[in-house]
Each structure stands twice: as structure tokens, then as C-alpha cells.
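J.: Below, the features straight out of TrEMBL:
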- B:D55: active site, nucleophile (ACT_SITE)
- B:Y113: substrate binding site (BINDING)
- B:8-106: domain 'Pseudouridine synthase I TruA alpha/beta' (DOMAIN)
- B:149-250: domain 'Pseudouridine synthase I TruA alpha/beta' (DOMAIN)
2 protein chains.
Amino acid sequence: MKNYRYKAILAYDGTDFAGFQVQKNARTVQGELEKVLSKIAKGEKIRVHGSGRTDAGVHARGQVIHFDFPFYIEPDGMQKALNGSTTKEITFTHVEQAADDFHSRYQAKGKMYKYTVDNNRFRDPFLRHFSCHHRYPMAMDPIQKALPYLTGKHDFTSFASTHGETAHNVRTIYHVRVEHDAASNKWTFTFVGNGFLYNMIRILMGTLLEVADGRRPASDIPLILEAKDREAAGKTSSPEGLCMEKVFYDVEDIPGYTTEGD
Amino acid sequence: MKNYRYKAILAYDGTDFAGFQVQKNARTVQGELEKVLSKIAKGEKIRVHGSGRTDAGVHARGQVIHFDFPFYIEPDGMQKALNGSTTKEITFTHVEQAADDFHSRYQAKGKMYKYTVDNNRFRDPFLRHFSCHHRYPMAMDPIQKALPYLTGKHDFTSFASTHGETAHNVRTIYHVRVEHDAASNKWTFTFVGNGFLYNMIRILMGTLLEVADGRRPASDIPLILEAKDREAAGKTSSPEGLCMEKVFYDVEDIPGYTTEGD
């Protein structure tokens, strides 16, 4: 039987999900998507493949999935059907028909994540699900000193959860940037790389927060990388601040791309 | 017994509250505040007075309250105690000791509200609790033509809920402004006035949305005002988009202030 492969980009509020990946007895993004797609497919089970997992409480503005569908629906109609059937926590921002061999995970060349920190003394109630609250005043200078140590190809073992499954912990960060909005006292960190280890950005952030508020010098970063020991880095920061912004399938679209990561 | 009067400014996410004002068998902001204050006052009942009510689902960044407290706590300690005890949906952004005759409602000289519209074809999941979703494309031009009709002293009967209790429907709008963020397709309307009737901003917004998407000409606005008839105006737009931004106690702080409203 002929199947039609679709690629879709979605945004979701991860607050009330136990993460992306299907789990028994837990409400997950993948589970919700497969349920809705099955309904549109008149009961046939549809398997959804994501570009990567997100943990409980982590959000996405640009998660990419693919799935095979048993009959043809034009992409705009598929997008309407999906947005009309799924929970308001999820929005399909783009749907297209994809090549039969398109794979959302295997063909991803890079990803962009953002991490938001609410640096107000008392938490902003509107950001509580979408930021990590850090009450100790942060300074731009030490952060700007720390970030260049992270770009390039490194063994990120020190910044990987020991629960991670990957044996090879070398990744390339193409681009990293910080912005501070003075009016709201919100800090936004952007990370672009060819891939990220389990909890890597949250451990990087836990460490950068120590640098930002003066508990640790920026020059610790290369020493932590060199240590290849999770104990050398800071805590794993909270999931609420993290958002998967974009998945790149063409290296030309990747900010700061170098062949170093290939 | 000597009481100490405090003035406080608070931000709250109104999503899961049945509005500001205490009601039987409903979770309200005032109810939550009085519960927390009573706890800090070692069980003594404390009455909270707000600058104005907000409806279910309506938010605040700058609601002002006052209350009398049976013993002295320095304002910074009071702020810490309040933020430490209350739900994460509410944050006290400022606490000060006030004059014994300060009254948050009677002494308010003006208020600023913002109303946010998500004009994306498909709802932005991160804005779903903090905006009104309007899928029909909005244009800046007709809005800019409509807004000047609203400033100044008018009888706003056409823009008042018929459930409102006020017999006198004359109010002065000092300042009204619209901003469009092209990246997120989010529209923000700002209203500053000496006071607003029940549902007035939501009915103004329901009408302005009709102007914005071409269903009604901007030149209808003066005719609607003149009609003094709720039926002449548009629908009451949804509460999620509305946020009480600021309460003014000094006319010099009010953007666009004129003595017309006195």
C-alpha cells in the first residue's frame, strides 16, 4: 500500500507534558500527535518520528516530525485538520509533503535551542513556565568571556548527564549568543550546534549561571571541558527555560556553520 | 489598636482565577491575597482593597491594593513574606507603607490597560492564555484611523456591558496606541483613561477587530459613540488578551493627561 510521507514543524508548550517521547501511563507530545493523526487516518495507527526528544517541561517552537499517512491529504488541509483536532498546547506551524526517504532525525544537520532566564528578584508570574528563575544578579561581562570557550568541536562529557546513552560525546557548537532585555530583566541564551547530548544545554546553563553571578570564573569553562567529568560542571538547570527553536536540514541555513562539525 | 496601612503593586496570571473580587466557592485573587495576609498576621482577618476588579482570565502587571495590618513589618520583609507564601501565579513587585488615608481605588487618577491580539492564522501556543486569537488578517491603517475617535471625553454607553452598574457612562481616554510586532504577528493595544466601564476595553477591542479586518469602517466609531446603545458596538472580545498594566495616583504620570477628564 502506498503511503504519503509528511514533514511538519510544530510549536508546543511542554508544561503539562511528560516530555516528547511516548511513555506508558504518561501524557506525551508524541502520544498526543499519534492519537490525533490516527483519528484523521480513520483509526489507522500512525507512527510519529521527531527530530529529537524534549524532556518534561521543555518547549518547542520548531520541533520537526515526519510521519507516513495512508492516503493523500493536501498539506494545507492536513495542517488545518491537525490544528483543529489537537490540544491548544500544540500548533502545527508548517506542513508539507516530503520525499519518501526524508527522516526528521537522521537528516538533521543542526539544531538551535534557546534558554530563557528570569533574573528578577521575585519571579515574573508570566514567565514562570517559560524561564528559569535566577534571583542572583547576573552580569554580561563574565558571560561574554565564557561563551567563546564553548564554540567549536569539543568533547562535552563534562556537560552530559551520566544517564545519557551516548558513548561518543564530541559535538560542535557553531554559534552561541546571549541577549539581555533590560525592561523585563530577561536573559536569552541561544545555542546552535550539530547535536546536543542529553541534558547538555541545561548543564551548560547551570554552569553559565554560576559564571554570570560571580560564583565561578569564566576561565573555568576550558578546564571543565578538559576534565571530561560531569562533576566538574555546574548543576542541571530547570527544564522550563529550554525551548527547541529550529532544526536545520541544510548546512547553509546554520548560523556560524563550519565544516569542523562534519 | 493601631493598624499599619500598606500599598502594594502586584502582577498576576489570571488564567486560573475567577477574577479579582472575592466570590463564594470560587478561587479569586483577592481571596488568595487575604488568605496569605491572614497567615502572616497570625490568623487575624485582613481585608484587601484593590484599585479595581479584573474579570476571570484577565491579568495584571500593575494592580494596586492596600490593606491594614495589625503590626509593623518593614516593607521589604512584608514583600518577601508575601512572595514566599503566595502562589506562583502572583508576584508582589512593590510594597510600601502608605498614609493612613491612602485608598487604592478612590485615589486612583487613571489606569493603563493593554490588550494583546495573536493574529497568526493558527494560534501561538505560548500566547494562548495571554492574548485573544484573531485569525483574520489585521491592517494597521484602519486601526490608526479609528483610534483618534476614542481619545477625549465621551459617553461610552455603547461600549459598556449592559450588566454594568454605573449610571454615568462618561469617561476620558487620555491616550490610546497600537503596536505590531511583525516577527510574532502580535498586536498590542494600550488604553489610558481616567476610568473604564465594565467590559469597556473588551467591547472596544471587539469593535476595533472588526475595523482592523475590514468588516467595519473606522468612521463607524463616532456613530457608535453617538448611538449610546450597546447593540451598536461589536462583540465583547475574550478576557485572556486583557492586562491591567498600571494605576496612576498622580496626574503628572499619566501619558496624554488633559484636565478634560477632571
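Every residue, even glycine, has its Cβ placed from backbone N, Cα and C.
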J.: What does DSSP say about B:Y113 (substrate binding site): helix, strand or coil?
T.: strand
J.: Limited to the domain 'Pseudouridine synthase I TruA alpha/beta' (B:149-250), I'd like the whole-number average of pLDDT.
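T.: Over the domain 'Pseudouridine synthase I TruA alpha/beta' (B:149-250), the predicted model scores a mean pLDDT of 95.
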J.: Could you state the CA-to-CA distance between B:Y113 (substrate binding site) and the residue listed as 'active site, nucleophile' to the nearest Å?
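T.: About 13 Å separate the Cα atoms of these two residues.
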J.: If you draw a 10 Å sphere around the Cβ of B:D55 (active site, nucleophile), how many other Cβ atoms fall inside it, taking every protein chain shown into account?
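T.: Taking every protein chain into account, the count is 18.
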J.: Would you mind pulling the DSSP three-state label for the residue listed as 'active site, nucleophile'?
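T.: Where the residue listed as 'active site, nucleophile' sits, the three-state DSSP reduction gives coil.
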J.: What counts of helix, strand and coil residues does DSSP assign across the domain 'Pseudouridine synthase I TruA alpha/beta' (B:149-250)?
T.: 31 helix, 31 strand, 40 coil
